């Protein structure tokens with residue numbers, strides 16, 4: 001063809017776009033044209049296709065090729081609009097057009113590949129945030145379970161990361177550190193009274209504590225053999241815990257005449273000091289008036305923090321004294337305060353604050369000892385020991401926790417986008433679900449914790465730098481320690497809510513829905529019961545507060561009464577204390593409360609729960625069994641077994657073809673024999689070509705004996721590997737208590753085809769109805785089914801044709817019979833005698849029989865399928881004709 005085109009157009013010719021092509025360009029285009037019209041790709045190209053598609057997975061590029069062909073047609077139709085070449089011009093410019101078409105095809109393939117990659121990336125990104133609320137999974141139970149499992153697996157990973165983070169925030173060492181420090185300051189006895197900090201009752205007890213246990217606990221300047229520690233070892237408690245800065249004593253006071261004295265006692269009582277409040281706080285200098293211990297400092301000046309004590313809330317200002325770094329200097333400071341009455345009637349609270357750091361375990365212990373002086377007199381001691389980990393990243397484990405924190409941030413971003421998409425789709429109706437509100441709460445709490453974590457890290461670094469620059473100043477870690485405790489508490493709540501959220505993903509199971517269904521169904525009854533219970537409960541709380549509030553600590557306030565009554569319900573009570581407080585009302589209160597609340601109300605509550613639970617369990621038992629997770633895993637197992645069996649069947653087909661395709665037994669298997677054998681077994685052309693080309697090393701389109709042996713060995717190895725995989729799956733199924741699946745060829749294919757699943761389409765995944773890509777095994781199965789269907793339809797059509805032929809023959813026989821009857825009737829006249837009528841009728845009937853016999857022999861080939869029925873019909877026709885003749889005339893003797 002190239003030579004003929006060259007003779008037609010010996011001179012340079014224009015291309016499709018108006019350019020002039022040289023002779024070399026023409027020859028190059030002719031070469032491209034000849035290559036494009038080759039009947040079959042070379043063996044090397046087929047082997048490359050086999051290797052690229054990994055064995056049997058062929059045909060994945062066919063949709064792309066078809067789309068490229070469509071684009072070629074569209075482009076060519078656009079370009080041919082202006083110049084429609086004649087037949088000769090078409091012959092002349094065919095080479096140039098083919099080259100232009102090749103360029104367009106290459107560009108179209110490149111654009112389509114780029115667009116296809118972008119679509120895949122966008123589809124993968126969209127699938128990350130695909131949930132049960134973003135996709136409609138209500139109609140497809142299998143999709144619902146699959147989506148739920150994906151969400152559950154992702155959430156379990158998130159929960160594991162969260163638990164690792166929180167467990168890295170605390171450990172058992174913190175408890176022992178707190179215990180050691182608290183016992184040192186709270187349980188050390190005073191020299192004279194053998195009292196401790198916990199048992200202080202007077203202001204004198206505070207000075208005893210400050211002069212002895214406090215000094216002994218803060219300053220460890222001698223070893224156990226009474227030798228002095230070195231200069232570098234000063235400032236350590238228990239020789240292990242470094243004192244950060246210096247300790248601080250601070251007190252808050254109220255002014256005189258902060259309360260009103262009754263008129264009857266105004267002449268005798270000149271001073272009145274009320275309970276503490278910031279509006280009544282004393283701010284004027286007192287005593288020596290020569291230092292911070294005697295002059296008031298505001299909370300801002302001290303950069304201090306407030307404190308919630310046993311009685312009330314105290315501000316962060318007051319009169320303070322920073323103790324020295326050595327005992328011999330700090331003890332005189334304490335004695336000076338004692339001698340000059342630093343504590344007086346206006347004092348309402350004294351605070352002892354200091355912070356220590358243990359480098360062995362990388363923990364801070366922030367200590368605050370509080371002694372409150374109520375207006376009633378006496379003292380109320382309390383203490384706070386906050387053991388926190390402020391320096392987060394020191395060891396390798398700490399850096400692992402940091403990596404988990406980074407992953408946690410990514411998870412929060414992921415779930416934030418997920419909730420945004422769900423809110424965007426459902427709008428305000430999104431917040432009608434309790435689980436959705438819980439998701440938002442977890443995200444908000446997590447974001448707050450992350451912000452505090454960043455703030456805490458920078459603040460600690462800044463404070464430590466300032467402390468190292470001025471080691472003799474007070475290190476106020478109280479504020480940071482308090483917020484670290486709040487951060488820990490909030491994190492604990494977040495972890496608790498995160499664990500509760502697991503029920504959201506396991507609620508698709510009938511058993512798992514019993515709890516939520518029971519609570520939701522009995523919510524109204526429980527709500528009504530709660531109102532009734534609270535009325536009676538608060539009535540008893542008020543009664544107990546008024547009767548026993550002045551004598552029993554557990555009833556000293558309304559809050560204490562409420563908790564005490566709850567403890568009585570659980571069996572934690574002190575009946576003798578009630579009886580001692582009031583011999584009559586104490587036992588009466590206890591007996592009536594136990595009878596009404598414990599025997600009546602509590603059992604009513606349990607009855608409501610039990611009754612609702614019975615109804616829910618009955619309803620679940622009567623429900624139709626839906627698609628559950630066990631069905632999903634069973635179906636997935638059957639699909640996996642089906643795929644393995646399908647691959648094994650294909651290998652078996654190829655092995656049989658290899659054994660029988662060589663019809664002439666010359667030990668050489670050419671491609672035509674190979675293709676004919678596999679085509680009869682229902683294999684696709686692409687697969688046939690790929691398998692053959694993989695082993696046709698020399699590319700001569702013939703498999704010699706060595707190549708056939710190599711193919712047989714590879715196929716046997718693949719078959720053995722598939723058999724081992726099937727055996728492992730069956731053993732795993734038997735170990736889990738399942739039934740042994742059938743591995744027969746027919747059942748495996750049926751189970752595989754029943755479990756074919758398609759991916760979601762580009763428009764959001766509307767279940768299985770979207771345009772989806774299928775695997776090569778599925779494509780081959782469907783192709784074989786179509787071939788069998790075509791064969792069956794062909795046989796049915798041939799049978800229908802035979803039936804139509806028979807019906808036509810019967811119709812013609814009816815017409816001939818009608819004509820014969822007319823002839824008989826016309827030939828018989830009244831003038832003929834009886835014997836003549838009979839002989840004439842007999843001759844006509846015989847002639848008719850002979851003609852029918854000749855017609856049947858002519859149509860025997862086409863009606864051979866239904867010959868038995870036709871013969872019986874022919875044998876019955878004369879009888880019918882004779883009977884009709886008998887009805888028409890005097891033919892009873894015929």
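Heads up, the Cβ atoms here are built off N, Cα and C, so glycines get one too.
Keep in mind it's a predicted model, so treat the numbers as computed, not measured.
Checked against TrEMBL, the range among 465-485, 486-506, 612-632 recorded as transmembrane segment is 486-506. TrEMBL lists region 'Disordered' for one of the ranges 807-850, 851-894, namely 851-894. Residue ranges 360-384, 560-584, 585-609 are listed, and TrEMBL annotates 585-609 among them as transmembrane segment. Looking at 334-357, 526-549, 646-669, the range annotated in TrEMBL as transmembrane segment turns out to be 526-549. Taking Cβ pairs closer than 8 Å, the transmembrane segment (399-417) reaches residues 128-129, 157-158, 161-162, 164-165, 168, 392-393, 439, 442-443, 446-447, 450, 453 in its own chain, all 6 or more past its ends. Of the listed binding-site residues, namely 696, 698, 700, 707, the sparsest Cβ surroundings within 10 Å are found at 698. Tertiary neighbourhood of the transmembrane segment (585-609): same-chain residues 518, 522, 525-526, 529, 532-533, 536-537, 540, 543-544, 547-548, 565, 568-569, 573, 575, 578-579, selected by CB-CB distance under 8 Å and a gap of 6+ residues from either end.
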